[in-house]
Amino acid sequence: MNPESLQRGNLSSPSMFLLLGFSNAYRAQVTLCLCFSLVYLVTVLGNLLIMTLVWLDAHLHSPMYFFLGHLSFLDICYSSVTLPKILGDSFSPQRTISFVGCITQIYFFLCFGGSECMLLAAMAYDRFLAICHPLHYPTLMSKKMCHCLVAISWLSGSFSSLIQAFLTARLPFCGSNMIDHLFCEVPFLLKVSCSPNAPLNKATLYTFAGTIAVGSFLLTLVSYVHIIGAVLQKGAGTQRAFATCTSHLTVVSLFFGAGAIVYLVPHSSSSKEMDEVLALLYAVVTPMLNPIIYSLRNSEVKGAIRKTLNRGV
């Protein structure tokens, strides 16, 4: 199926989209395929390692690592929404995706992404309680509270993404059903939509996405403002506790930083390559880096890895 035949369909309700994110050069395709295969392998194995350590090691049975285990599971799901399709398209001459498949990809991508935003905020709140209210921490961050925060994260991401996917599915598409991107994402579908109410549709979609992303970012920011204030006020006693926050801060900066640029900065044809690089950063690279960051910057995780290796030997 070629672009011309795709464009001759029912343009107000296309049955297929054409993804234009890849180079047609053979060497570029081979390089991309190898890189994405390696990234996906590291992502799955690294996050599975974190999940296994949190499950098996008794020293990691605490709220912080309970959330980390769920974050690792989310990262596997999040990267699995896009990477297998990207890998399949790297050598396919027909880089197409059905309309239903595109909307489904948008739903799960936003669901796991939104859930991760809320979970990162929950992890920041956990560190806030541990550092600012250490005496009441076991009571405030009980097992029931941990499960409630995780449930809220999943429900928030699912509800927001369901509405966004529904609104995107109702957009009319005329003139072109070519998506100039590696995978289906709301900003790039809005670019090819010909809705007369495009500004209103865009505002509605971005409101739901912004509520989750900006809300969770502000909660994270407020938590760390209080944490930094406590560290400066109490001195050395809390500085060691603050060391547990550095990994989380690194992950938050990568995830929210790249996502904010893609969704908030105006898109243009000249920024196509930059759009793809940023999309890959928060959709593909960050889920791979999370277990590496937490493993390298966390002494308890490194200790659990050493104990596991020693048992194997």
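Glycine is treated like the rest: Cβ placed from N, Cα and C.
Nobody curates TrEMBL annotations by hand; they come from automatic prediction.
In TrEMBL, the feature transmembrane segment is placed on 146-167, out of the ranges 146-167, 168-189. For the transmembrane segment (205-229), the list of distant contacts is 110, 114, 117-118, 120-121, 124-125, 127-128, 131-132, 156-157, 160, 163-164, 167-168, 186, 190, 242, 245, 249, 252, 256, 259-260, 263: same-chain residues at least six beyond its ends, Cβ to Cβ under 8 Å. Only sequence-distant pairs (6 or more apart) were considered; of these, at least three Cβ pairs between the transmembrane segment (37-58) and the transmembrane segment (277-296) are under 8 A, so the stretches are in contact. Tertiary proximity for the transmembrane segment (106-125) is limited to same-chain residues at least six positions away from its ends with a CB under 8 Å from its CB atoms, namely 64, 67-68, 70-71, 74-75, 77-78, 81-82, 149-150, 152-154, 156-158, 160-162, 164-165, 168, 183-186, 189, 209, 212-213, 215-217, 219-220, 223-224, 248, 251-252, 255-256, 259, 283.
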